[in-house]
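K.L.:
Have a look at this one.
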């Protein structure tokens, strides 16, 4: 192993290179996406100390089941064919590393697309995500798409109606936010699959608020959603409260597991929220659902969040907790949260996404902040030497970044912080689009 604890591989023998040589590509689009995706994933897995056979397994899965649904490559000017707000510049995929106690885990999220996406044959890109999920069934026999079917029935829009709706809205930024379906993977002991679906288009079509569409949909699911109703009622109560109005926070989409070891009704569900506010007091208020989530573990989580917040965000010295951070203009500068709903649970479990892409310190300062935070927790695995690993993984010899730290998520699970760092690939650095 080298000084970061990584297993050495010769530059000519990287798993991603071997797979490219052995499997090839059906077209230049997939060849391009592999050139920007695979080396970064390979380096992240070495950072997380994945054994070589696991690296091959993950990369082979990505080659077969993600690559065909990345859509056309960018234009010569760098324009993304089907941009979404999964990243602020529209890059359609985003890897992340989760750090939890003595383990680091690779995850990948992406917005499936194809040549039909945005055309009159598929104006709001509903085909590619479903095709991607169907395609991967053969290696994920436990995949259950019942939740996908439920929300597809409720929120997908007939093609003719979608054409008319898109023409009526005619708002590029809205279209990038209103993603009908995203897919995420957790490459742990087995491949976990998460699907996110948004009711934004349905909200416009029906004229209802997004929150109303979400709550009504869950109620209409009957027995499928009955074991989640206690948690949902807490979220709905908070969403309609004066506290939520002051925080300008609203739900935006739902997320659920589809590759399950048990019945689909054992799935974890999530409801995502977003707010333009950045005052620390507001973050705590949303994180605790206005004080509805409380107790020693919540108190401990807030203590840890207070340490992490200025470690990665550009918080001015002596900045008051009740004031927003100095504004850095971007049309979608928000802080996101999600709330996990487990069947039979009485209360949701909160998670916050610290918006380093909008309000972060510079890249090395973020890396130093994360390493310092890990040290306060007593985490000391080789992959917790964060700054050194980040430089080794994402810096070029010329001092450019192959990927930037786009978001840092934080939650608390089993009395321990649960931290994920999301890396936005810098396509212009990783590979020329033409």
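Glycine too: its Cβ is placed from the backbone N, Cα and C atoms.
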K.L.:
Say Swiss-Prot lists 107, 268, 270, 272, 351, 353, 418, 422 as binding substrate: which of 31, 194 is in the same site, per that record?
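P.N.:
The one candidate that Swiss-Prot places in that substrate site: 194.
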K.L.:
Can you pick which of 64, 94 Swiss-Prot lists for the same L-tryptophan site as 85, 86?
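P.N.:
Among the candidates, Swiss-Prot records only 94 at this L-tryptophan site.
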K.L.:
Listing them in sequence order, which of the binding-site residues 107, 268, 272, 353, 422 have their Cα within 10 Å of that of residue 94 (L-tryptophan binding site)?
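P.N.:
Of 107, 268, 272, 353, 422, within range: 107, 422.
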K.L.:
Around the L-tryptophan site formed by 85, 86, 94, which additional residues qualify by having Cβ within 8 Å of the site's Cβ center?
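P.N.:
Once 85, 86, 94 are set aside, the remaining close residues are 84, 87, 88, 90, 91, 92, 109, 111, 182, 424.
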K.L.:
Cα distance, residue 85 (L-tryptophan binding site) to residue 268 (substrate binding site), nearest Å?
P.N.:
24
K.L.:
On a count of neighbouring CB atoms within 10 A, which of the binding-site residues 85, 86 is highest?
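P.N.:
Result for the most crowded candidate: 86.
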K.L.:
List the residues of the same chain that sit at least 6 positions away from residue 272 (substrate binding site) in sequence and have their Cβ under 8 Å from its Cβ, in sequence order, or write 'none'.
P.N.:
196, 251, 252, 253, 254, 255, 336, 337, 338
